[in-house]
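Here is what TrEMBL records for this protein:
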DOMAIN    4-82  domain 'ATP-sulfurylase PUA-like'
DOMAIN    225-378  domain 'APS kinase'
BINDING   Gly233, Leu234, Ser235, Gly236, Ser237, Gly238, Lys239, Ser240  ATP binding site
Amino acid sequence: MPDARELADLELLLSGAFTPLTGFLGSADVASVIENGRLHDGTPWPDPVTLTLPHDHPVSAGQELTLRDPEGAAVAVMSVTERTADGLVAGPVKSLGAPEHGPFARLRLSPTQVRAELRERPVLAVTMRGPLDDLDEITATARELDAAILLLPLAFGEGGPAVVRAALKARESLPSGTTVAVVPLAPREPEIDLELREHVAAAYGATEHLAGPEPVTLPGPPHRRGLVVFFTGLSGSGKSTIARGLHDALLERGTRTVTYLDGDVVRRLLSAGLTFSREDRDLNIRRIGYVASEVARHGGLAICAPIAPFAATRDEVRHMVEAVGADFLLVHVATPLAECERRDRKGLYAKARAGLIPDFTGISSPYEEPDDADLTLDTTGISVERGVERVLDLLISGGRLR
Ligand SMILES: Nc1ncnc2c1ncn2[C@@H]1O[C@H](COP(=O)(O)OS(=O)(=O)O)[C@@H](OP(=O)(O)O)[C@H]1O
Ligand SMILES: Nc1ncnc2c1ncn2[C@@H]1O[C@H](COP(=O)(O)OP(=O)(O)O)[C@@H](O)[C@H]1O
C-alpha cells in the first residue's frame, strides 16, 4: 500500500498534473533526475517520483499491480516495468476511477478541467502552501498580463485544509473569475519544490507562475502540543506502577487532558485474542501507538505502558506520533531482570522458568534494550514517588507541562 506521499503523487500522475510523467519512475530515470534534473530521455524533470514496496511484496516486472488507499479502495492499476532489489516499483499507472473523498474533494480539479474552464485566456497561476500576503500584487500582475488568476493551494497532510481555506479567503478579494484548484503536492526540498511547482502550474495551463510565500509554521508551545509518554520495560519492572502514578499526578495538576492506555485493559479490549508471538506483540504495539497518536493529534497526552520489546516497532510508534505533529517520549523502565524476577508479583517468572509460559519476555523471548530512550529509570531501591517525580521532571524541563 502506498504511503500518504506516494498516494498524493499518484493522484497527480493520474490527473495529468505531473505531465509528461505517466507513472512512477524507474531506476534509470531516478539516477538521471538526481544527476542532472532530467529524465533518462533528456526531458527536464526535477524530482524522483517513486513508489517503494516492502521487500517481501511478490510483484515483479510484467505484472499488473493494484494500488489501494488506506481504506483498501483500489485507486489505480500499475503495469510494472521494473522491480529493484531495494523495493522500487516502476511503471505507468491507470486510474480505476475510485470515488473521491476527503476535505475539499470537489475542488480537486484536473488540469483538463481547469483548462476547459479558463479556455484560451492567459493564466497567472499562484501556487501556495500558506496564506498569500500580497493580493494587490497578484491583481496588478494579472491586469498587466490580461490573465485569469488560478490559485493552486498545495494541500498535503494535516495542514492541507487550512491552505485551501486560505485560497478561498484570498479569492474573495481577487478579481471575479479567479479559480481555485486543489493540488495534493507533498513538499520537497525548497529548490526542487519550486521547480516542481513550475511544472505543475504549466500543466494547469499557466502562462505565468507566482510561488506564494512559504508558510510560517509555528508548531505551538510544547505544553499545548500532543504528547505520548511511552513506557517500555520487562514485566514487573514498574511500568504500570509509575504510569499510574504519572496519570494521577497529571490529573491532580489538571493542566492537560490525559488518557492512560492501561496494558491490561488494552489486552482485554483493543487486543483481545492476541498472543505473545512476535507478530501479535507488534500488532498490539501498533494498535496502542495508533490510539495514542489519535489522542495526541488533538493536543492530548497519552500514557502507555506495554513491554514493547522490539526496537523497530517502538520506532514505528514514534514516527506515527510525530507524523501528527505531536511529541513522543520514550521512558525505559530499566529495572534488571533479576529484580523483576525477585518481585515476581504475578508469579509469572516462576511459571516461565518452569516452562509453563512459552515466549516469556526476558526468559524465552527477547527484550531489545532501547538506545533512544528519553529517560532511563531503574526502579530498584527507589520509591514509586521518586520514580514518578523523575518522569514529571522530564516533562517539566522540556516545557511539556506547566
Ligand atoms: N509470554 C509473555 N511474555 C510477557 N508477558 C506476558 C506473557 N504472557 C503473559 N504476559 C503478561 O502480559 C503482560 C505484557 O503484555 P504487553 O501487552 O505489555 O506485552 S507486549 O508489549 O505486547 O509484548 C505482562 O504484564 P506486565 O507484568 O504488566 O508487564 C505479563 O503479565
Ligand atoms: N520504584 C518503584 N517503581 C515502580 N514499581 C516499584 C518500585 N519499587 C517497587 N515496585 C514494585 O514493583 C512492581 C512493579 O509492577 P508493575 O508496575 O505491574 O510492573 P510492570 O507494569 O512493568 O509489569 C510492583 O509490585 C511495585 O510495587
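Cβ coordinates are placed from backbone N, Cα and C, and glycine is handled just like the others.
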Query - Overall pLDDT of the domain 'ATP-sulfurylase PUA-like' (4-82), taken as the mean - result: 95
Query raised in the report: Which chain neighbours of the ATP site, leaving out Gly233, Leu234, Ser235, Gly236, Ser237, Gly238, Lys239, Ser240, have a Cβ atom within 8 Å of the mean position of the site's Cβ atoms?
Result: Ala305, Ile307, Val333, Thr335, Cys340
Requested in this report: Kindly point out which of the binding-site residues Leu234, Ser235, Ser237 have a C-beta less than 6 Å from some atom of ligand 1.
Outcome: Ser235
Report task. Restricting to the same chain and to sequence separations of six or more, state which residues have a Cβ under 8 Å from that of Ser237 (ATP binding site). Result -> Val333, Ala334, Thr335, Glu339, Cys340, Thr379
Report task. Using DSSP reduced to three states, classify Lys239 (ATP binding site) as helix, strand or coil. Result -> helix
**Report entry** CB within-chain contacts under 8 A for Gly233 (ATP binding site), separation at least 6
**Finding:** Lys239, Ile307, His332, Val333, Ala334, Thr335
Query raised in the report: Can you name the residues of this chain that are 6 or more positions from Gly236 (ATP binding site) yet have a C-beta less than 8 Å from its C-beta?
Result: Thr335, Cys340, Glu341, Arg343, Asp344, Arg345, Lys346, Leu348, Tyr349
